[in-house]
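**Q** Take this structure first; my questions come after.
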Amino acid sequence: MYCEKLILLLGCFWISSSASDPADPLLVDLPNGKLRGRDNGNYYSYESLPYAEPPVGDLRFEAPQPYKQQWTDTFDATQPPVLCMQWDQFIQGDDKLAGNEDCLTVSVYRPKNSSRNSFPVVAQIHGVAFMFGGASQNGHENFMREGNLILVKISYRLGPLGFVSTGDADLSGNFGLKDQRLALLWIKQNIASFGGEPENILVIGHSAGGGSVHLQVLREDFSKVAKAAISFSGNALDPWVVQQGGRGRAFELGRIVGCGQASDSVTLKKCLKSKPASEIVSAVRNFLVFAYVPFTPFGPVVESPEAPEAFISQHPIDIIKSGKFAQVPWAVTYTTEDGGYNAALLLEKQASSGRELIVDLNDRWFDWAPYLLFYRDSMTTIKDMDDYSRKLRQEYLGDRRFSVESYWDLQRLFTDVLFKNSTEISLDLHRKHGKSPVYAFVYDNPANTGIGQGLAKRTDINFGTVHGDDYFLIFENIVREPQLRSDEEIISRNFLKMLNDFVLSENGTLAFGTCDFQDNVGSSKLQLLSITRNGCENLELESFP
């Protein structure tokens, strides 16, 4: 907390005394010294700017500390950001280790050819399960083409380095969320030096990034760093976001890397700090039950109230019900087949048998379902888990077997349990207990190729509108073809205009194309905007009792 107050106090001086050189816009003055960016034609980039001290040595498993080094030479801001160290499931081969432990940076992208002297700001928190990915995983050429917004991408600690927790004050966890928070403070205090408007900051994220954004909003002081927020296909109530069972995983991690003698959190933390980061991160493979399931063995937790600088010390449901969260305009979204992100891997044909993994669910459903659907640690007995697994299977598949032919029913189950239901519950709770506008949209417009085809490694299946089909119209991604259809081009431009208008709105209104979003606060029903290739329309759903 002291660090945040110090930054906010110093920020007033920084904003008034720091600015880019009008004669050389690539040269920017910061409190740490001068930096030089890159000219990319229609925008300038200033990449890999440190916002925190390297989280190594004694600073590993600690809250991030503001970066305070002074540059004697001009800082080279032309190098792309490194990945935070991770065990990347999408790397081929046995060694999936990537990235560096010293990785806490932001990258700033500023329009070049524009009549504006200053720009509103979009801060992006990247996704991918709190385990891998990075600030450079999504492109930004499409985003920058309109020339209306500054984009800032945030890197933060991932996996066990970012989220291991013993559930007490000694190894509290949520270090990745605390990184994000410090990065947002850095943006608030320094973005004016790049021509940004610190009073007009919109924070967005997709998937784990969306869940992160919502968790940031659930801090009352979020309004000090941002004006509004959007969570795409991820929010704090999704069952894969806030985890239980962290203490057991923390000590299991210790056992794997040679800290098995530790019987308390202090000893475990000290031992883990002495181990190579590569060993800690590589241990992730030991937590996978099959393929890369569970997707998120290490993620956000509810911290002990005694933890120093706790990020959250209550469950998000309780925070929302208390009304003690940031009263800023917030939007949340999902796609009609969001669950394809978790289900599509089951359609990959196995090299050993030539059959799809989904067939094995017929014999392994009770073993695998709790990990696939993230209720393994939320139920106390095997009987409870088996009863719930049986109920889910009966509700969505009846007596039919798991197969390629029944895949869509399984995908619908995954969408409902992991995304749709929790999004609507979150929307309803904000409607009842919030004061600022709350919006939602559901996206239904399948990409020609998307994350479903990428995970299943096949193109003969129609996956529908899966995870990312909307977000990747804003930020291009390698999993989908770069050339947009004519309908996607229109939607893409409407999304970009939506972001621009939302951050500039004085009363928190939100619109997409010709459709105005309906505010859920004060409404007797849930209000969602449906976006398809044919346009948009408002939907009303019954609220929860």
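A Cβ is built for glycine as well, from the same backbone N, Cα and C atoms used for every other residue.
Note that the structure is predicted; figures quoted are calculated from it, not measured.
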**Q** Quick one: Swiss-Prot says C271 makes a disulfide with which of C103, C259?
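**A** Cross-referencing Swiss-Prot, the cysteine bonded to C271 turns out to be C259.
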**Q** Show which residues of the chain containing C84 (disulfide bond), separated from it by at least 6 in sequence, have their CB under 8 Å from its CB.
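**A** Once residues fewer than 6 apart are set aside, C84 (disulfide bond) is near G99, N100, E101, C103, L104, G134, S155, Y156, R157, L158, L161, G162.
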**Q** Looking at Cβ-Cβ distances, which residues of the chain lie under 8 angstroms from S207 (active site, acyl-ester intermediate) while being 6 or more apart from it?
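**A** In sequence order, the residues whose Cβ lies under 8 Å from that of S207 (active site, acyl-ester intermediate) (at least 6 apart) are G127, V128, A129, F232, S233, G234, Y341, H467, G468.
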**Q** With H, G and I counted as helix, E and B as strand and the rest as coil, say where DSSP puts C271 (disulfide bond).
**A** helix
**Q** Out of N113, N421, N507, C515, C536, which of these recorded positions is nearest C259 (disulfide bond) by C-alpha distance?
**A** N421
**Q** CA-CA, which of the recorded positions N113, C271, N507, C515, C536 lies nearest N421 (N-linked glycosylation site)?
**A** C536
**Q** What are the sequence-distant neighbours of N113 (N-linked glycosylation site), meaning same chain, six or more residues apart, C-beta distance under 8 angstroms?
**A** N42, G147
**Q** If you count the C-beta atoms lying within 10 Å of each candidate's C-beta, which of the glycosylation sites N421, N507 ends up with the smallest number?
**A** N507
